[in-house]
Every structure is written in C-alpha cells, then in structure tokens.
Amino acid sequence: MIDRYKHQQLRIGLVSPQQISAWATKKIPNGEIVGEVTKPYTFHYKTNKPEKDGLFCERIFGPIKSGICACGNYRVIGDEKGDPKFCEQCGVEFVDSRIRRYQMGYIKLTCPVTHVWYLKRLPSYIANLLDKPLKELEGLVYCDVCFDRNPNFSFARPITKKPTFLRLRGSFEYEIQSWKYSIPLFFTTQGFEIFRNREISTGAGAIREQLADLDLRIIIENSLVEWKQLGEEGPTGNEWEDRKIVRRKDFLVRRMELAKHFIRTNIEPEWMVLCLLPVLPPELRPIIQIEGGKLMSSDINELYRRVIYRNNTLTDLLTTSRSTPGELVMCQEKLVQEAVDTLLDNGIRGQPMRDGHNKVYKSFSDVIEGKEGRFRETLLGKRVDYSGRSVIVVGPSLSLHRCGLPREIAIELFQTFVIRGLIRQHLASNIGVAKSQIREKKPIVWEILQEVMQGHPVLLNRAPTLHRLGIQSFQPILVEGRTICLHPLVCKGFNADFDGDQMAVHVPLSLEAQAEARLLMFSHMNLLSPAIGDPISVPTQDMLIGLYVLTSGTRRGICANRYNPCNRKNYQNERIYETNYKYMKEPFFCNSYDAIGAYRQKRINLDSPLWLRWQLDQRVIASKEVPIEVHYESFGNYHEIYAHYLIVRSVKKETLYIYIRTTVGHISLYREIEEAIQGFSQACSYDT
C-alpha cells in the first residue's frame, strides 16, 4: 500500500532479486518463511478454498476473510491476549483480509529469463549495452543458436572469465566436418548442464553473465573516444558510409546516456535478467463467481499458471531425470522464456497467445498501458466518484461565478447530500425510501437539491489542463436540458468554445477542497493570466460577434437613410412586408425601458432606428454643427433635426427635449456598461 503522506511520486524501474525476495517473503510466527508459489493451482474444485502454495494461497497472501484462517477458526484482529496470531494447523495468520491487495509472492525460476521489455522493445537496452545485434541476442536467448544446422550460423560467444571449450575466444562455426558429429555428443551426456554452463553458457544465463561483466564507466569512456574519432574523420565522400557513421555516432550517444542512467539510479545491468518472478497480489487478479455458479478469472492467472507449469517441468528434467537429452532441456528453457514473455507482454514476439475462444490474453503490459490501463484509467486520468461530463453551451444570463448544471447531472452528483437532507427533515425514514423518492423525482427533492447546491461549489475542468485556469470553481444552479451552461467570459481560461467542447464536473468533498475552491479557484477571482498578468476574462469569439450584431445598426445618419434611393427602396419593401410598424416614421421613446419593451413586443427590430429622449445636462451637439432640417409646430415650438440627434426648442429658444437617434442594440449595450460601472463604484465605496 502507498501512503499518500509519505510518497509523493511513483517511479517504475528495475529491482534486484534481493529486493523482490524482500517484498514477496514473510516470516510467520512459527519461524517459517513463506512467499514462493510452487503450484499452478488456484481453488480446490470440491472445497472451493485456495490451494496451498498456489496462486491464491492464504499462507502466502493472507486470509480471504479477516480473522478467519483456512481451517475456519476465528480470532479477533489486534487482540492483545496470549492467543497465537496464526493457525498452527494451516499456517494462516489472523490479519485483515486487505493484506491480499498488496502482499506479493514470487516464482523461483529454474533458469534465468530476460525481461522482454528490455530485450524486444525498441530501442533494445540489452543490445545497446552489449553492443550486439538484436537478432544475435534473440537467437542466444531463445536457444535457436545451438540447434541450427546451417553451416554459416555460429554459436554464442563464450564467457571470457571461464575456461572454455578448446580455448574459444569468439564465435565458432562448423568449420570442421567432424565437429558435426562430435559436438552433439556433449549434449546427450549426464553432465550436459555442467558442460553448458562452463563452456558456452547459452540462453538468458549467457546474457546475464555478459551484463554482469560490464563496467559502465569504461563503456562511457570507450564510447566517448570512438565518438570523437568518428567526428574527427569527417565525410568520406561515400553517402552510404557517411550514413553508417552518423548512425553509429547516434548509437554511441544513446549508449552513453543509458550507461549514465544506470550509474545515476544505482541499477545493475544484470537485473534486466530475471531469476525471481514477482507474483501480483491476488486481489489485483481476482477470480469472481458469476450467475450460474461459473467462475470468471483474470487472464494473468492463466499466464502465471503456464509459467509455473513449464518451470516445474524444467525442474523435473534437471533433477529427477539424469539422462535427459540436452536438446529437450534447452527446448524447455525456451518454453519458460516464452511463457514469461507472454505474461509480461503478450504478442511482442509475433502472434499473441489466445484462449479457447480465440480471445487474446491480456498480459501485464496490456493491464497497465493504454487508455484503459491501470495508470490512465484508475490513477492519472481516472473517472472519479462524484463527477460528471457534458457538452458546454453559452449561458448569457449567468453571473461570472455561476454555472448551469442539468438536473440529471446535479441529482447524481449531490445524491448523498439530498438523501441526508431528506432523512434529517424526516421526509424519509431510511436510505432506501430516500432513493425511491429521488427516482420518482418528487418536488421536495428539487427543493432540497437547491438548498444543497447553494452552499456547495463545483469544479469545472476542460482537458487538457495545461495551466491552473484549466480547472476553476463555480456556484451551480439548476438548468433545463442536458448541457452545462457557462459564462462566455471564462472560456479563454479554459481555452474552450461552444462548438461541441465537453467539460467535467467534480464535487469537492473535504473541507480543505471546499475552502480552496471558495478562496482560490472561483472564476471571478482569476481574472488575470498567471503567466503574463494580462486580463484573461475578455470578450472573445461569440461575444465579439454578439457585440457586433448588437451594434450593427446603420451609422450613416438621417440624411443617408432619408435621401438615398437605395434606402428608399428598402423602406418601401419593409413597409410592404411589415404591417405592425411603418418604418418611414421612426418612433420616439421617453426612456430605454419603453424602447426595450417595444422590442420585446416585436414592434421594432434590434437594429431599427429610433429616437430616445436624452438628458438635458449631457452635451451632444458639436459647436460648429448646424441642423439639417427645422420643423415648426403650430404652437411655436420647433424641432432642430441633426444627423444623429433631435432638439425640441420653445418659442423662447429654450431647450425642452433632446432625442438621440439610436437602436435597441445600442441601448442594451449602454445599460450593461452603466450597470457594471455602478457596481464597480459601489464596490469601491464599500472598500473605502
């Protein structure tokens, strides 16, 4: 188990066999050391209990039920009495069953096995360190070298620290005709294993010996010297040779970086060859009973069984059968290597292994990699509880710190809080009754949901979260539909728009998370870019288009509209198709409320010109501007008509009224700006 307070990061790397043994072995109170899995069995078909020393053994991995051993005896966990802490009959400790989630086991391999990730994955780290072709190493690991009758194919290189057969210093071939008949005799004697390990050391054992003999610092020095020599030679004039030199220099750089990484992390190269194979905790590879009494098992269990079967067969060949032919032993070693390869990465050597239904087994690599792997699904980008996801749409009537949640999402996110509210108000006797009321969507449910949401912020996140403004908190309100409503000014921080983007909703549960959401993450508290300090809540995209449409009324003045032949034709068309209002007569309004009311009643359009009474104390006339027309009334009052405004004067030339020529769109924008300025002024007055 990982303690989140002690461990702030996770690193995957190579470990030594001693470390694997320390993780997987444990000493039970009677002094016995357990941890090795030796049998390929899971559960007994009659008793339905885990087999001893099998893949689900309770002695190795802990009890299935807390405080109950394999015999059925029960002990209180943590009891300080003198009772033994384990069962003397079955050897199972009386501990919590959650130990089966992290207690590992191990398989002691009869022959060394290379880790397929470091051999077959590109680039091959083993081939890089040994400076040998990958094909040659594969032939050595999978025992294809010793039995290929091709005269041009060579044996593996002998280990230099051992006395070798006929003092071999390099690869040797079937150069002498008599060797074809004399050498195979050595592989049929009883001392085959001793001869092989002493003389030619094939298989993964040869790789392990060569990796153990490496001096990483010498590799770095020699690679650097060779790299400098290749750089000093310069171009040869032959394009093919120049490409080979460039590839060689790149290889030397990668080799030096790899050797430095091994030195920096205190990892020995021979750890890339496995002698002990870790066995995952049983709760991470479960066997589940489904309807009808059938069992459903993880694919990893079957792959582990195959490894144990082949490993036990190899052990029997080397121990019980003294006269086993060498070819059979090496073939069995190859089967063990392939079984471990399939367990770690199925299909990396060609066709993947399939079950009886022609379904590919999911190996350890398939479990942890990809979008549905352990890391991305359950650790990094996992779908957590109390979260939802939906498409975002614009909410023009929302405040900057609010967001609209659909009822369907809100009732799921806050269901536990609603259940608690129903029970506290004695509207439901238990959880079951409360859930039934929620399913029936009774009116009281929505009332309690509204109360809960008023005091609980939510977090909105849009992937990819590239900076801290990619996740912000909002005060949720209920909306109809199935989409999340969002204020358009916060889109720039999320790098979002309303063309189908989706956002995730999270509910902060702990008090610390709620405090952080309220004090630091609210959208109206993040108005500046954390990178450069510029305002980030500025109109973009849809808002700019909306402002343009809102203020797109004609600005050419009354002269252009009245005396332009094109406009006269347009006015005639509008007068024909519009019966509610004659466009040739522009209406007069006393205030902005009357103008907006006429627009809502569809008496005028958004861009229709109109006359709005203006305040007398605000100057609108330029000093050198003269009226275009002057209309006189019978009582002596007269109207001075300018391009964008109109003044009503009395007989004594006193200004009675001032009208400005505008549109409903301009009026709406002006009112919004006026309200914003008034709110800012009030906020400043409160601060002072």
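Our numbering is plain: 1 for the first residue shown, then up by one each step along the chain.
Glycine is treated like the rest: Cβ placed from N, Cα and C.
Residues or ranges marked as Zn(2+) binding site in Swiss-Prot (evidence: sequence analysis): CYS69, CYS71, CYS87, CYS90. Counting every protein chain shown, 16 other Cβ atoms lie within 10 Å of the Cβ of CYS90 (Zn(2+) binding site).
As annotated by Swiss-Prot, Mg(2+) binding site applies to ASP497, ASP499, ASP501. Of all Cβ atoms in the protein chains displayed, 17 besides its own lie within 10 Å of the Cβ of ASP501 (Mg(2+) binding site).
Comparing the binding-site residues ASP497, ASP499 on other C-beta atoms within 10 angstroms of each C-beta gives the minimum for ASP499. Of CYS69, CYS71, CYS87, CYS90, all annotated as binding-site residues, the residue with the shortest Cα distance to ASP497 (Mg(2+) binding site) is CYS69. The Cβ of CYS71 (Zn(2+) binding site) lies under 8 Å from the Cβ of CYS87, GLN89, CYS90, VAL92, each on the same chain and at least six residues away in sequence. CYS69 (Zn(2+) binding site): 22 other CB atoms within 10 A of its CB, across all protein chains. Separation of the C-alpha atoms of CYS69 (Zn(2+) binding site) and ASP499 (Mg(2+) binding site): 60 Å, rounded to the nearest whole number. Neighbours of the Mg(2+) site: apart from ASP497, ASP499, ASP501, residues of the same chain with C-beta atoms within 8 angstroms of the site's C-beta centroid are ILE392, ALA496, PHE498, GLY500.
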